[in-house]
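To start, the structure itself, in structure tokens.
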Amino acid sequence: MNSFSNEEFDCHFLDEGFTAKDILDQKINEVSYSDDKDAFYVADLGDILKKHLRWLKALPRVTPFYAVKCNDSRTIVKTLAAIGTGFDCASKTEIQLVQSLGVPPERIIYANPCKQVSQIKYAANNGVQMMTFDSEVELMKVARAHPKAKLVLRIATDDSKAVCRLSVKFGATLKTSRLLLERAKELDIDVIGVSFHVGSGCTDPETFVQAISDARCVFDMGAEVGFNMYLLDIGGGFPGSEDVKLKFEEITSVINPALDKYFPSDSGVRIIAEPGRYYVASAFTLAVNIIAKKLVLKEQTGSDDEEESTDRTFMYYVNDGVYGSFNCILYDHAHVKPLLQKRPKPDEKYYSSSIWGPTCDGLDRIVERCNLPEMHVGDWMLFENMGAYTVAAASTFNGFQRPTIYYVMSGPTWQLMQQIRTQDFPPGVEEPDVGPLPVSCAWESGMKRHSAACASTRINV
């Protein structure tokens, strides 16, 4: 395998016949001979490209603006910038990151309805004009700090069927929307469109239909007030892995007819979205090492459900936890499932087990209960679908460092990226033949891992 670090990408370029699985196994073998068996990620950039092609096919009218907050790793942002996505930034720092990679301000939306004045001024000074708002106070701030801004009115949605609800904090009602549009007109601030977010982990695609219908109402209000609105932002909430009840294409099959009904292609309205986890969740797999182990009595398991515990119960402590990558358990309603790096014997007995992080906090529990064969200090566990809302919010609490990320890319992936960069595929094109691209996509048929039966099973998306 050749490891390249050039001006644009710092990753392992896979020789023909090698996969992301090989990189993971190679890294485990390398560190197994050292004392520092630190946790690490393998991130497959081919998986991200595959998601992009899938997006173009499923939502041909919708331009993706990647939600940087989801995973702000520089290599990820570089990759998405190279293939032409826009960017949803929530702060000055995210804008700086994106623009440092040469992304023009026209490909950025400052999608935070509540912004610090100094950061509004920063956006103004650096050419970022598109930004969201949902209150009169925000209008007044923008009028003073960035009078040439192109504002997008964030409306509230029914997010009652989402895992992570957002409308409790953001979004104007339809009644308030008219008042805000009238106030914006008085302030001579240009409102160019409407945005919404149905919530992360949306389980009912009809929520998108209602939100798109509501956006149409606000467009009509804007026309009555005197605005020529031309941008619709349908937000995020798209799944990033396949282990979900509602698949990506099930959602898009509902969105597309709604867009055609309320914003037909000849309406002149540009449509964007803010996918985050969709692009990165399945690209990342985390490898953690068991640093300690305890055999405990039933009443000492730390489980909230003692009835299913057995007399022989194990507690395993690993070198990443909820203050690190697994913060998604606390903040993103995630449920994670460990996979075993070593193949268990066919007749191996399984025991009730729990998995804990390395910090001194009793809150640092990753999996409350699962069935595992007896593991040992130095053994490895793998966690798939760990690319979204993990590394971005990880801390160094107790002095534990964030895991290193090893990026991989196959030759066909690199070639296709160059083709996209030079030809700038427009939305709606037929998906190019990626040939052997899937060999570099993490955790497909080439990587069948051994799954533990756990009470906590999946990451919500």
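Backbone N, Cα and C define each Cβ position, glycine as well.
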Per Swiss-Prot, which of Y110, Y122, Y389, Y406 sits in the pyridoxal 5'-phosphate site along with S200, G237, E274, P275, G276, R277?
Y389
By CA-CA distance, flag whichever of K69, Y331, C360, D361 among the recorded positions is nearest to G276 (pyridoxal 5'-phosphate binding site).
K69
Pyridoxal 5'-phosphate site span - longest C-alpha distance across S200, G237, E274, P275, G276, R277, Y389, in Å:
14
Just going by other Cβ atoms within 10 Å, which of the binding-site residues E274, D332, D361 has the emptiest spot?
D361
Longest CA-CA distance among Y331, D332, D361, per record bound to substrate, angstrom:
19
Select the closest residue to K69 (N6-(pyridoxal phosphate)lysine) from the following binding-site residues, measuring between CA atoms: S200, D361, Y389.
Y389
